[in-house]
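Here is the structure we will look at, set down as structure tokens.
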């Protein structure tokens with residue numbers, strides 16, 4: 001095995017937060033200059049970097065080959081220009097540490113090493129070439145409660161493994177589980193620990209992170225612990241059994257309202273034919289009171305998980321597979337479009353926010369106080385009350401320091417107003433509409449999938465889910481309707497914001513709203 005160039009192997013200490021070495025800082029005391037605590041070899045000295053496998057909000061994953069052994073791995077390359085503040089640097093370093101910390105778990109993707117150069121941080125890890133969880137189920141064409149029980153057993157075993165080592169995943173969703181290979185018996189592996197945190201018993205967290213459908217109610221209420229991972233696994237189980245999420249609405253805010261107050265539906269098809277034991281487990285994983293929710297260990301001891309005779313082996317209704325296909329396809333198309341928009345935002349746009357930050361930060365301290373925010377809002381003509389300004393302040397202040405730093409300010413102001421601006425939607429639509437016909441066809445979607453390194457097995461479903469007039473293609477109005485519906489993907493590293501932070505962006509950038 002390659003020696004670990006990051007020097008960040010796990011030491012089994014659950015309270016590992018304390019050992020998180022801060023990256024070096026520039027002489028001026030500003031943004032860090034590196035993520036890793038010491039210099040590493042160049043990744044290309046050891047690996048040949050090959051084709052693109054996929055692209056996320058913060059990094060691109062490539063196939064890479066070990067020059068010494070010929071073994072194939074995955075290399076996630078994170079551009080340092082996307083790390084806007086100290087907290088972003090620390091997040092990447094923490095992700096590397098957590099991957100080392102969990103590397104002995106059989107269902108966690110194994111890290112091989114981390115490298116850094118002037119422009120990128122590279123994380124080399126085990127290659128999982130077997131595709132995403134839902135894609136495998138859909139490709140099979142049928143599955144049973146017993147098969148669903150086996151999948152949830154694996155997912156919750158990962159959660160239990162994380163919690164036993166003092167790690168909270170915080171972004172459990174089907175897209176973050178990949179099969180190691182295309183083999184029928186390939187193990188399922190958890191990936192993407194970019195939002196994960198070290199914790200110790202009794203710790204409570206307040207930053208709102210995760211992905212809308214899967215986020216626990218206590219996360220939205222800004223006071224949560226590891227129990228939130230069990231809720232997310234419960235959402236995955238619900239989707240596996242019926243093909244749609246338990247809490248659904250047309251907008252992100254609507255999804256959150258449903259999560260906080262909505263009723264679980266066990267009446268619609270196929271629930272009447274699902275076993276009582278499965279429904280009991282779902283209820284107890286999706287209990288809104290985290291103190292009464294099952295722990296990961298208790299889930300693994302539930303009869304539906306433990307006893308093969310309890311989970312029926314008869315095929316689940318084929319309509320569930322059809323829904324699952326649509327749900328998965330919709331996520332992929334929207335994610336591609338979101339990435340196109342994120343990549344198209346210019347330095348000038350962020351530069352404008354930088355100037356706005358400087359204008360409000362009158363003492364050049366690098367942070368905005370309540371008084372500075374109040375004065376800044378007054379200067380742009382806002383008539384908010386002190387109470388409303390305080391609410392905005394608390395919503396944008398991710399680390400609860402009482403001030404807003406540059407990274408928090410960018411995250412709070414560079415969000416939905418950019419996504420929903422007409423020119424950004426036009427630009428994203430044009431990316432897919434290669435021939436400029438005004439329609440996105442199946443061939444154009446196939447080409448886009450290849451450019452993003454995505455499997456294009458379910459292109460018909462991608463189109464069908466968005467195509468309101470059933471003409472077999474997507475026009476601009478259908479595309480924008482999809483983009484403005486409840487957000488299908490995660491908003492990434494600390495950028496899933498509540499409405500107060502969206503309002504902060506709108507108030508400070510009225511011309512962009």
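Just so it is clear, glycine is given a Cβ too, placed from its N, Cα and C backbone atoms.
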- Task: Scan 1-33, 34-66 against Swiss-Prot and say which stretch is down as region 'Disordered'.
- Result: 1-33
- Task: Find the shortest Cα-Cα separation between residue 473 (Ca(2+) 4 binding site) and the binding-site residues 365, 367, 437, and name the residue that gives it.
- Result: 437
- Do me a favour and check the Cα-Cα span between residue 59 (ATP binding site) and residue 444 (Ca(2+) 3 binding site); whole Å is fine. 24
- Item | Outside the domain 'EF-hand 3' (420-455), six or more residues from its ends: residues with CB under 8 Å to it | 51-55, 61, 131-132, 135, 332-333, 336-337, 339-341, 344-345, 462-463, 472-476, 479-480, 483-484, 512
- When neighbour density is defined as the number of other C-beta atoms within 10 angstroms of a residue's C-beta, which of the binding-site residues 363, 478 has the lowest density? 363
- Query: Do any residues at least six apart in sequence from residue 372 (Ca(2+) 1 binding site), in the same chain, have a Cβ closer than 8 Å to its Cβ, and if so which, in order?
  - Reply: 360, 361, 362, 363
- Least surrounded, by Cβ count within 10 Å, of the binding-site residues 55, 367, 403, 437, 473 is 437
- Message: Can you work out the mean pLDDT of the predicted model over the domain 'EF-hand 3' (420-455)?
- Response: 82
- If you count the C-beta atoms lying within 10 Å of each candidate's C-beta, which of the binding-site residues 433, 435, 444, 467 ends up with the smallest number? 435
